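Student: If you look up TrEMBL, you'll see A:Glu288 marked as active site, 5-glutamyl coenzyme A thioester intermediate. Feature annotation from TrEMBL assigns CoA binding site to A:Asn378, A:Gly382, A:Lys402. The feature domain 'Acetyl-CoA hydrolase/transferase N-terminal' is assigned by TrEMBL to A:11-215. Summarising the annotation, TrEMBL assigns domain 'Acetyl-CoA hydrolase/transferase C-terminal' to A:326-461.
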There are 2 protein chains.
Amino acid sequence: MYADRIRLASLQDKIMSAAQAAELIEDGMTVGMSGFTRAGEAKAVPQALAERALRTPLKISLMTGASLGNDLDKQLTEAGVLARRMPFQVDSTLRKAINAGSVMFIDQHLSDTVEQLRNRQIKAVDLAVIECVAITEEGHLVLSTSVGNSASFAILAEQVIVEINLAQPLELEGLHDIYIPSYRPTRLPIPVLSADTRIGRCAVQIDPAKISAIVISQQADSPSTVLPPDDDTQAIAGHLVDFFKSEVDAGRLTNSLMPLQAGIGTIANAVMHGLLDSPFDNLTMYSEVLQDSTFDLFDAGKLAFASGSSMTLSARKHAQVFSHFERYKSRLVLRPQEISNHPEVIRRLGIIGINTALEFDLYGNVNSTHVGGTRMMNGIGGSGDFARNAHLAIFVTKSIAKGGAISSVVPMVSHVDHTEHDVDILVTEQGLADLRGLAPRERAQAVIDNCVHPQYREALQCYFDQACLRGGHTPHVLQEALQWHINLEETGRMLAC
Amino acid sequence: MYADRIRLASLQDKIMSAAQAAELIEDGMTVGMSGFTRAGEAKAVPQALAERALRTPLKISLMTGASLGNDLDKQLTEAGVLARRMPFQVDSTLRKAINAGSVMFIDQHLSDTVEQLRNRQIKAVDLAVIECVAITEEGHLVLSTSVGNSASFAILAEQVIVEINLAQPLELEGLHDIYIPSYRPTRLPIPVLSADTRIGRCAVQIDPAKISAIVISQQADSPSTVLPPDDDTQAIAGHLVDFFKSEVDAGRLTNSLMPLQAGIGTIANAVMHGLLDSPFDNLTMYSEVLQDSTFDLFDAGKLAFASGSSMTLSARKHAQVFSHFERYKSRLVLRPQEISNHPEVIRRLGIIGINTALEFDLYGNVNSTHVGGTRMMNGIGGSGDFARNAHLAIFVTKSIAKGGAISSVVPMVSHVDHTEHDVDILVTEQGLADLRGLAPRERAQAVIDNCVHPQYREALQCYFDQACLRGGHTPHVLQEALQWHINLEETGRMLAC
């Protein structure tokens, strides 16, 4: 059965139902599951686990690459399965549980999780559940639409449940580049020298004796929920294209720019779309998630190569890409997130990192995660991995939210994920602030002049002027610094005006 | 003259007085000077420049490696020379000017400055002033007690003023390992595989035609101002030694630990001293600044090798080390700060990074730089370079300051330099909080239980309990979050009790 998918014949007797496989997961275990930006997650076993937990309660620590699709985090949360969750999520039900303190969420840089696992600094993975398109004759794992942390989970876990997903095309085989850094103190440089360097193998090498179950599944990845560009996101893209042009004019970039990274989501996707109508070409991407815009850039002849850790497409784009996958395959690679997001490689290649801010402040500190300083949205994801070591660390956001009740540009952010030291360029639909080489007072004026919505500009200028009267390298009026957030909490608006 | 120091005979006619050399510096120039943690700074020319500016005002942008000794920043500030200053300083006069907004200070990760220069993202260095012990027959520069940013400044500047300091021993020749990363997009891995790997040359290769002046100086480096260990710093060291022992017992470290980095200053120096009476041996350091404790560890037979970017010693230790420098030289290397602090190397080697916090909060966010959220102390220095990529990111501080008027452990830090994502271990004299793998609410309780001074414990617990009632992944009461800082500003004490 499934001889093209399970090529090591001795594994055939490991095939079982998802419910049977889920029985292998014990209360208190730490489980590592595949899945990164709603792509390539194990689907059947976590669903069966949630169903089982509704009958017989159990709790696990769940690690993934990043977010899961198919409402898995919702089902697992509702079934009370999640004691601990790391390193990223985007599910509204899970989010509520995290913010209520009933699920312990550990929000990590996406390059860090398996480093900590390998060094046994966090609890070991007892069991891995990994979606694959095939198992090779050697018993090695051919992953599906994401690599994420799957390779390290499978290598480090005591036992592995494999989900062979028949809905994922076998053509994905050959796309992955599985490389695991060696153990310290004899670790060698990671030999990625450009976005298209392949340094590993196409499958995850594990001892097939560790495979304790194989489950056949047929469920597709959830389609991307990215919204189409609107006037604001197009304006943001326009400001960035103009900025890149000025960098080319100044001789700091060539027409191929530098390898591009774009965070997941509507704004970053729109920014990448903005490059379709730009003078730049022969572009490359060294990113985490490859979205619709990646393939639109391929189709437009703008993009030479794209490296990522997952592919997350809309239903329409997915159908189109996989009807002619041979057009793209030689120009794509999917890597472990430890490598796609590795500080060493990001610094070496000189990435242009474009990520979305929830809010930023006068001085360029960025909040990517916490609403009102307390309530978790999704997690920092890879934004810190990229921003810290990028050639250009760019953060984008619309200048206002909720019809103007919220300004995304504030006197002091309510939570800091990226400090002023790590932020080069801020962009809203209002304009772009180039903070490179500026002292805090200069950064503040650039932010006020270029990024804040007119509705908030006078108030922000007023705060800054008042703060400057008090002095300090980074002037603040501590008594007022968080007031906009407090107003929002108390009145539903940051400012009464 | 000085044939052993200036070995390229054709350069002899470049010898001039410091005052003459200082005339080469023009109003508005960007000047890169040697100097890192009060070691190896150019001395005569900046003094002459300050004297000249008192007669004929001029302003420059000054870049260095890090802090300067010999009151140079004070003299330059008082003479009104400094328009802009980066990336670090420790001078109280300059600090006042920075906080008054009269000197624009750009506070940078120490590994970043020359990367930005090389990519022309900040204003180019017009002129470099570099302290050397010698110029080779090829016209290359043999640096003195620090490398810092000197090599890149000399390479990138249009002209170079060399200060040959006769007070610096010629024995320093051979100590330096000058390696400059190649330009993107063809940059190669930085081939440092262990603390003792040498990858470069002993001198800075420049075209000797760029040397526009040679000044002979005789002034020693300022001695280190590090204070001897006291009960509190010894307690901090004790907690860390116990922690390292438990890591060894758990099999996560060997008895040689991992390469150690210690920030400059009294507490970090005391922590390193604490290793003298520990069971650990065959230690290595991969750090920025090598202080007295480094040489005490050599003398005790505990330390096998030390890599740094500078040597900053007390007068006593300096005399002792340089009376028998041959004992140490083969076990030492000084690198450019871009390499000593390089994210790639720090992540590869798995450094144990020990840095001093000004304050930290319930959730493990660290403020290294700003008093009361506004007033700059010194700068972030290399702490972020190390903390982000370390095997263990450790921050140490005394739990209280100013006789108890200030708690170093607060509900919310007034400024964030290191986010919760980058902080593993927090230590005060009260105890050690191991935050690895913990969610924010768990981190908070670990910090309250282990780090806060008893005088503030109840108030901090009360804040946390109150915040938890409001919910959120990272519970806060925004209305109260900065109140301790506001109290301090208004009453001189964080709490009335």
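In case you wondered, yes, glycine gets a Cβ from its N, Cα and C as well.
Unlike curated entries, TrEMBL annotations are predicted automatically.
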Student: Write out how many residues of the domain 'Acetyl-CoA hydrolase/transferase C-terminal' (A:326-461) are helix, how many strand and how many coil, based on DSSP.
Tutor: 47 helix, 38 strand, 51 coil
Student: For A:Gly382 (CoA binding site), which residues in the same chain are close in space, meaning a Cβ under 8 Å from its Cβ, but six or more apart along the sequence?
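Tutor: A:Gly382 (CoA binding site) has long-range Cβ partners A:His109, A:Leu110, A:Ser111, A:Gln261, A:Gly263, A:Glu288, A:Gln337, A:Ser340, A:Asn341.
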Student: Please work out the number of neighbouring Cβ atoms within 10 Å of the Cβ of A:Lys402 (CoA binding site), leaving out its own Cβ.
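Tutor: There are 10 of them.
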Student: Output the one of A:Glu288, A:Asn378 that, of all these recorded positions, has the highest number of other Cβ atoms within 10 Å of its Cβ.
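Tutor: The residue with the densest Cβ neighbourhood is A:Glu288.
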Student: Please give the greatest C-alpha separation between any two of the CoA-binding residues A:Asn378, A:Gly382, A:Lys402, in angstrom, as a whole number.
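Tutor: Site span for CoA, by Cα atoms: 26 Å.
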